[in-house]
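Asker: I'd like to ask some things about the structure below.
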Amino acid sequence: MSGAPKVRSLNVADPEARPVLVPGGNKARSVATAQKPTSKPLSKTEGGAEVAAAEEKKASSPTADLPHFRSSLSASSALRRHEMLLPSNLSMNASCSSEASTDSFCSRASTGRIGRASLISKRRQSVPRTGKIVTKVDKNISDDAAMPPLDLVQGKRKCAWVTPNTEPCYACFHDEEWGVPVHDDKKLFELLVLSGALAELTWPVILSKRHMFREVFLDFDPVAVSKLNEKKIVVPGSSASSLLSEPKLRAIIENAREILKIVDEFGSFERYCWSFVNHKPIVSKFRYPRQVPVKTPKADVISKDLVRRGFRCVGPTIIYSFMQAAGLTNDHLISCFRFEGCIAAASSSMEAADEAKGKSDSKGEEKINTGQELMVGIDLELSRAVDELSIP
């Protein structure tokens, strides 16, 4: 006899219909079931054996003798049972996701996330890398020991921008002229012209062509330069045109004419320039090259006054380069040997200026004294003449 028909209970979740909380959701499960190959029909012997095995399993299971009243459970109890099964599914899926994440540690390391496998590999790689670093340090130490420091090579400590590879003309300019106070009108005019050329050339190039500048501009005599013919100077193919552009050449001639006006007003171009710094160089006392400015408010003031007087191509940057070269400001680093040398040169020039001023003052006093003596003598003679005339 066939037994009573079996009714599937709503309390027990079917493993094939259980929802899976993975990125694919139930679709992954449905696809997997959809792709299962259809089973072939079983033979009689195989079918009988499977039926017997199923009966033995049914007999051995503890739920075989249970009555079939489970099928009569209410829908509410089935829903509660289903809700109780959901946490277990979540924990199972969380464990699955954690296992998947451990498998993808190395792939996440390539995107910037560090995983366990990457840490282990980096720890393993750190040993040979440390050895490479040690060998590199040893090599650098041996190189440093073989090459003496910069002070020993050149014998003197200089500013950081003067290196062993610096052009000799620029190194000589730094050691002998740059920062030394200048009180000669011709030399000041020369440094103003060379500083203006920095807008188109560099100091090494300018210094290498310094002899050409002096030849073209007649040793920078403002009187002679002011009389030059601009058309002959700026003509293409001339030696002057190979040095600077046409606007620069015309500006130099015009500036020479303006210098003559300043000489008429102040007595000398030197007195005009040094009046902006109270006839005393500015000592900057910089420690590092990055502290050296490109221009300063003082350079801006001088530039504006020169422009007001008719000078051309005299921006604040050019004027500050002129101030550095002419010694109006001492921008040598305090570690440079020329820092103290320029200070000594400035003090000696100030002493010489004071002596010259003292001599001029003494000469003026002598003239005043002699004039007073003459006036006294004239008064005495006049008084004697009056006395003689008053006698009957």
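Here the Cβ of each residue, glycine as well, is placed from N, Cα and C on the backbone.
Automated prediction, rather than curation, is the source of TrEMBL annotations.
Quick paste of what TrEMBL says about this protein:
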| type | residues | note |
| --- | --- | --- |
| REGION | 1-69 | region 'Disordered' |
| COMPBIAS | 32-42 | compositional bias 'Polar residues' |
| BINDING | Cys159, His174, His332, Cys336 | Zn(2+) binding site |
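Have a look at these and tell me how they're positioned relative to everything else.
Answerer: Long-range Cβ neighbours of Cys336 (Zn(2+) binding site) (same chain, at least 6 residues apart, Cβ-Cβ under 8 Å): Arg157, Lys158, Cys159.
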Asker: Hey, for the Zn(2+) site built from Cys159, His174, His332, Cys336, who else sits with CB inside 8 A of the CB center?
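Answerer: Near the Zn(2+) site, the remaining chain residues are Lys158, Trp161, Val162, Trp178, Gly179, Leu333, Phe337, Arg338, Phe339.
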Asker: If you count Cβ atoms within 10 Å of each one, which of the binding-site residues His174, His332 comes out on top?
Answerer: His332
